[in-house]
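Below is one structure, written out as structure tokens; comments come after it.
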Amino acid sequence: METGTAPLVAPPRRHGAPAAPSPPPRGSRAGPVVVVAPGPPVTTATSAPVTLVAPGEARPAWVPGSAETSAPAPAPAPAPAPAVTGSTVVVLTLEASPEAPKPQLPSGPESPEPAAVAGVETSRALAAGADSPKTEEARPSPAPGPGTPTGTPTRTPSRTAPGALTAKPPLAPKPGTTVASGVTARSASGQVTGGHGAAAATSASAGQAPEDPSGPGTGPSGTCEAPVAVVTVTPAPEPAENSQDLGSTSSLGPGISGPRGQAPDTLSYLDSVSLMSGTLESLADDVSSMGSDSEINGLALRKTDKYGFLGGSQYSGSLESSIPVDVARQRELKWLDMFSNWDKWLSRRFQKVKLRCRKGIPSSLRAKAWQYLSNSKELLEQNPGKFEELERAPGDPKWLDVIEKDLHRQFPFHEMFAARGGHGQQDLYRILKAYTIYRPDEGYCQAQAPVAAVLLMHMPAEQAFWCLVQICDKYLPGYYSAGLEAIQLDGEIFFALLRRASPLAHRHLRRQRIDPVLYMTEWFMCIFARTLPWASVLRVWDMFFCEGVKIIFRVALVLLRHTLGSVEKLRSCQGMYETMEQLRNLPQQCMQEDFLVHEVTNLPVTEALIERENAAQLKKWRETRGELQYRPSRRLHGSRAIHEERRRQQPPLGPSSSLLSLPGLKSRGSRAAGGAPSPPPPVRRASAGPAPGPVVTAEGLHPSLPSPTGNSTPLGSSKETRKQEKERQKQEKERQKQEKEREKERQKQEKEREKQEKEREKQEKERQKQEKKAQGRKLSLRRKADGPPGPHDGGDRPSAEARQDAYF
């Protein structure tokens, strides 16, 4: 049987028989005690003093009947070790028993006793009588009182404590294995582990065994039907002056014989258990993250995914599709090339940068890419030591209390923030406190904590702080200010855009009277860090740092369109409660990484459309609610807008070095700078020889070359001349302005004359029309007054006159 070290199998010993020395087998070495016993293991604890064997002096037990130990040679007795009273935790690991020769049971009254083993693995030890957390395996028993017999074993009820090492489930034994029942292994600290039917706790005082209340525990031998128990025994540490150091011993390596000092950035065992009990108890319900037996500070390690999550809704496991290694390396090389010429790529080839961000930034370069995209890297370089200064400054107590209460709520299933008081929560506290001092008008908003936590998962605290500053100032200005007016305004913008993207979802939400702030506040303010799976969160953040807030609008529109955008999906959302429940439990398909990125990139929502809706909603806001109480800075849409603003804010270039090299300008420049004026150029005296040409005096150079021109008059003009020139330019601008005003007035008068002329023509036409109508009426009246022409005039007789002639 191989367990990493040579196994030691102890033969049974009858009750009351003295211990006899056992010869060690050839080639054996110290290792864990192996107890072969059928049935479930029983763990008991005792506080009686036991005999410890120093390392290198142990005599391992021998297997009776084996070929190597058939004729054992006598071995020298080990030197007695000092008796130590204490209690330890005994770890049981159940393994299947391999093929082994059947042990021979001694028939005599005496049987050899298994010797103590040196060099066993060190585990966490607790002082005798000290309080300890409950454990499933063994709880330290209190020191024996004056009325308690020393040799009486005490059984302790057990419960589970966070971080306790538990026994593995038993494995099926191999057929044909023979064991002996009732075998008992004695630990160096006084704990006794016995098999089924053996319940005696042994004492190492004078080689005598105490009275066994359960009687002899020797059982029959035969074929093994139980697993083999590998017992790892840990001696209690030696008494020290400071008993508090007992909680800081580590269990990360075998052979550690004494207590070690506590690391400055770690917690003691008791502190770790008391601080993390709530977190680990909640983690114990999630079986997807189980599977690690190693320990750190006494707490069992758990398997994490590649992002560091122990469990929870954002635990990804091994179901995600990974990018091929060669493709990942090619992408890394492309990003490194962009970093070397970042300004050129942003100004000239921004579309390529945007395409690569949509494909996903390599994990190894994501932190650096986010800093370049947000321009926080340059902000960090411009403010060296600013973060440390803010960290040392005293903060506002009202903000610090709220920040401290929110620390344990940020990603409790992530390995960085699982431990209360761990380095992750400490860095998060430093960042949020520094921001409240850096922006005292805004203070602290609870939605800033998850954003800062995501940044801390990728970069150090100082870099994460400046990246958070850029997010709050450039990408999402006003989101975290008092009153949350910016997020309310963006909610109205989002609802207007939803009418274009999904009219059915817009109509349903309006019918149910669900305000956008009820469901989109956490999405927008946390940038979906608490909503989407973690792989999708990182892809959304990659695009967000490159393209700005339009990515947040697009993601929210995609989620609503695929949640409430069809008649079938609305059948289960008949009321407000059902709709809100559906929005809290989004479909997994629409949150999947590739599907979400594809839908987001194809949604036609641009910066111009968002700004147009922003202007419309801002006008409506002012009409209904008045002016905004908080007026943030202008929102910048992505890294290119931030880059262009940075170029505009750069100071103009200074004068040319060729002008500064001239004496006159050098003198004025030094006087303007507050320094002593440079001496005037020396006056050359006339001589018989030809006069040398003027020289040019440059900074840091001796005059050696002749000037190409003979004029050494310094360039520029006096202050009065410049003032007159400015006055003349001002008057010229005023004259041009007056000329333009006169021209406008002349054009206005001309238009007025044309208008009057047209009006006059219109009136003339109307007058002529009226005159023509009047002439027509006069003519018709004259004709009526004159009557028709008579017969003598060639006309017809009137009908009345003809009728009168006919009557008479």
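The backbone N, Cα and C atoms fix where each Cβ goes, and this holds for glycine too.
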Where Swiss-Prot places region 'Disordered' among the ranges 1-38, 343-380: 1-38
Selected residue, Swiss-Prot feature phosphoserine, from candidates Ser187, Ser277, Ser687: Ser687
Phosphoserine per Swiss-Prot (candidates: Ser70, Ser288, Ser322, Ser661): Ser661
Of the residues Ser97, Ser502, Ser678, the one that Swiss-Prot lists under phosphoserine: Ser678
Ser181, Ser205, Ser282, Ser658 - the residue Swiss-Prot records as phosphoserine: Ser658
